[in-house]
Every structure is written in structure tokens, then in C-alpha cells.
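Notes follow the structure.
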Amino acid sequence: MFCDIMDRNYTMPLTLHHFRTALAGIAISIPALVASQEVSECLVQASEVAQVGAAGRGVVAQVHVDRADRVTRDQVLVELEASEEDMQVDLARLRVGSDVAVRLARARAETAELNAERLTTLVQRKLVPKSEQEAAALEARSARLEEEDALYQMEVAEVQLQAALAARERKRVRAPFDGVVTDRAISAGELYNEQGTIVTVARIDPLHVDAYLPASRRAELAVGQTATVTLETGGTHEAVVRVIDPVLDAATGTFGVRLDLANPDGAILAGQSCFLDLAVGN
């Protein structure tokens, strides 16, 4: 499985132009907020967005999720057809589960060693030539080597089983983190081409609140500081400053700030505009 995770843990995800464009046209009448110098426009976004796909191509066998479904980390979202991989796993398990070759090699080695010991006694009594005893001893050593090889093949079979399991796992698409499905680009029966997006997953807890502030306010902020976020859809929530851009935008004299906004029940919608009041953190 692969996923392209769109996340910015240090710099802001939007240019100032894009940020202003996103806020343009959204009219919110909050006179008390607008009148305060501590208040700035902001935008609520998913903290991570992953465009998830499979590691290889194949026919889609099952799709387990759809848009708006909540998912958990490592949950199987989509499965590609994997009948060949299933057979390879079954075959590898049979090899791992069978120790016949080891037991047979051990029995041969024990028999050869007993024969070599018997001939050693006979040589001491001068009843058989020493060359016959030496040949039996060599056969016993060879039998023990065959037993070691059989044990080695058991280890190889275990590795082959793990490889078969990994090949089958590549036919499964899993959620990279807890979140919500925002798009499903494929259906059962379709041919998936490698590197395409199958499902898009967004992390909505926490959400990110992004804002651009004038350089004069840079000294007011510190990571860990709290602030109040007033949402376009109504309601106010407390957020925590996590990222403060260390570089100003030369054209506008502003810098970016990002806050984490807890959203455990998913009630706060990502993509909406907001007002950010940093005075509470002072």
C-alpha cells in the first residue's frame, strides 16, 4: 500500500493568496470580533489528507468503505484480487507445517551413527577392515549434514511464508491513520493501475487552524499558547498554537501560524472559515 500524505508540520499549507481567496466571499457578521486587533481571519482544515493506493496493480475485489465513513488506523479499506497470493500462502504454510524431511534425515543420521559405532567395535576385534569403518563414519557425518540442511530448509520455508504473507498484504489497502473517507475513486471489478488513488482519507481530530498575522504580532505568540476560534458555522472553541512560521512573507509582511483544534466527535467541519482571537493566550 502507498499513500500520499498532504501535511505541513512546519510551514503553512496555503500561500497567502490562496488563503485570502479561500476566505473571500464568506461573510460573517461578528462585530465584536472584527473590532478587536487581537482577532484575525483563519481557516479550519484537516490536519492530514492521504491519497491512498495499493502497491501494485490488480482487479478490485472488495471495497469496504464509502465517502463519509469513519475509519481507524490499519483498517482494511479495499482489497484487490489475490487468489494467487492466497495459494502461495497456503503452500508456504504446508511447507512450514511439515517436518517429515527433518525427521527422515535425523533417522538416517542416527542409523548411520549406530552402524559406524558397530563397525568401530568390529574393527577393534579385527573382524572387518578399517576402511569399511571409515566409510561408515563418513556416511554418518554426511547424514548429520543432511539433517542440518533439512532444518535449514525449514527456516527457508518460514521466510517464504512471510514473503507470501507480505505479497498478499500488498493487495490490501489500509487506512494510514484514524480519520474519515472523503473520496472513493474506484469500485469492485475495476482494474486498478499502480500509483492511482483508491481512497482519500482525512484526519479530522485534531483539526488545523491556519492564519496569517502581521509581523508586529510575532512577539506575542508562543508555541503552546491557547486561543479562541469562532467558527463560520457557529460556536467557539479553544485551540493551541503548534507552529509559528520563522520566516515572514516578504510581499505582505505577514507570517503563518497553525493551531490544533480538538475534534474528537467530528462535529467541527473542516474547510470552513473562522476568526482567531489570540488574546485569551496572553
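Even glycines carry a Cβ here, placed using N, Cα and C.
Looking at 128-155, 184-211, 240-267, the stretch flagged in TrEMBL as coiled coil turns out to be 128-155. Listed as Cβ neighbours of the coiled coil (128-155) (distance under 8 Å, sequence separation of 6 or more from its ends, same chain) are residues 96, 99, 101-102, 104-106, 108-109, 111-113, 115-116, 119-120, 122. Mapped onto DSSP helix, strand and coil, the domain 'CusB-like beta-barrel' (209-274) counts 6 helix, 32 strand, 28 coil.
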